[in-house]
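A short worksheet on the structure shown next.
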Amino acid sequence: MTAQLIDGNALSKQLRTEVATRAQALKAQGVKPGLAVVLVGDNPASQVYVRNKVKACEDSGLHSVLEKYEATMTEADLLARVEALNNDPAIHGILVQLPLPAHIDAQKVIEAISPAKDVDGFHIASAGALMTGMPGFWPCTPYGCMKMLDSIGYDLRGKHAVVIGRSNIVGKPMALMLLQKDATVTVAHSRTQNLKALTLQADVIVAAVGKRNVLTADMVKPGAVVLDVGMNRNDEGKLCGDVDFDGVKEVAGYITPVPGGVGPMTITMLLVNTLEAAERASK
Ligand code: NAP
């Protein structure tokens, strides 16, 4: 293996220790940072995600509330809960776990969250803040990727970054964050022609597609930094990313593994955002 591993578990541990220290400082001022996680329905993957988020809060000394509702909950009732949490001074961050049942308009619910408590960074005000370089909450997954680049001291100025995927929660905000750090950014998607020609020019590649082997060794410039956001299952049912890890690690300069890469960073950045929300509210 030539590539150095960017270890998301180790970096998360370090960042979560910092969160715990800052949370203690806030508590000394009488403020306990609090996150409300709202789950509607019984999607098994969502249940695991929310459990992990609540546990991560507890481990870092943050207050957390898990609100679980039946899949039959009405949109009006959910909007009323969000409004109550907006007005609850013990809650600094609100996360409504997606996907929501089909009868609920997810965007409407996200827009109902106060931007000051939008720790997922999905509110249109948060997206606008990111786009214009104003203070706001950054979506946790691409924010975690930026922290991973920071952790290796990577200077993005003038570098060519290729982001594969253009979703509102990963690809687009990732591209904006890289642009903010003066990278030259190319965004690829399902209609992109000759992806390999683009990735071969890239100093940094972020794969956020949700398909195995989207990025293989022949598509990577020697020494490039490769961040793998994808979460897929291989033929044995094991978690894997979008990147052919075994091949690409022989060419890249740095690479994130799956599992143990971007995944743990996502929850860590949720804690960071929640802490930040509490710090801002206490000023
Ligand atoms: P998404 O909304 O499905 O977006 C996937 C993107 O990939 C779309 O923009 C799509 O293009 C593009 N795409 C599809 N096939 C492609 C191809 N062959 N070549 C290039 N681009 C292609 O997914 P997402 O929510 O962004 O998530 C992406 C992956 O990251 C998933 O595996 C997800 O599970 C994972 N994820 C991981 C974390 C984490 O914490 N590690 C967090 C969030 C997501 P079009 O726009 O043209 O359709």
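Cβ coordinates are placed from backbone N, Cα and C, and glycine is handled just like the others.
All TrEMBL annotations are machine predictions without curation.
Annotation source TrEMBL lists domain 'Tetrahydrofolate dehydrogenase/cyclohydrolase catalytic' at 6-120. The domain 'Tetrahydrofolate dehydrogenase/cyclohydrolase NAD(P)-binding' feature in TrEMBL is assigned to 139-281. Annotation comment: TrEMBL describes GLY165, ARG166, SER167 as NADP(+) binding site.
Taking the features listed in TrEMBL, we show where each one sits on the structure.
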{"residue": "GLY165", "record": "NADP(+) binding site", "Cβ neighbours (10 Å)": "24"}
{"residue": "ARG166", "record": "NADP(+) binding site", "Cβ neighbours (10 Å)": "18"}
{"residue": "SER167", "record": "NADP(+) binding site", "Cβ neighbours (10 Å)": "16"}
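Summary of the NADP(+) site environment: with the site residues GLY165, ARG166, SER167 set aside, the chain residues having Cβ atoms within 8 Å of the Cβ mean position are VAL163, ILE164, ASN168, VAL170, GLY171, LYS172, VAL187, HIS189, ALA208, VAL209. DSSP labels the residues of the domain 'Tetrahydrofolate dehydrogenase/cyclohydrolase catalytic' (6-120) in these numbers: 59 helix, 18 strand, 38 coil.
Taken together, the residues in the domain 'Tetrahydrofolate dehydrogenase/cyclohydrolase NAD(P)-binding' (139-281) have a mean pLDDT of 98 on the 0 to 100 scale. In the three-state DSSP scheme, SER167 (NADP(+) binding site) is classed as coil.
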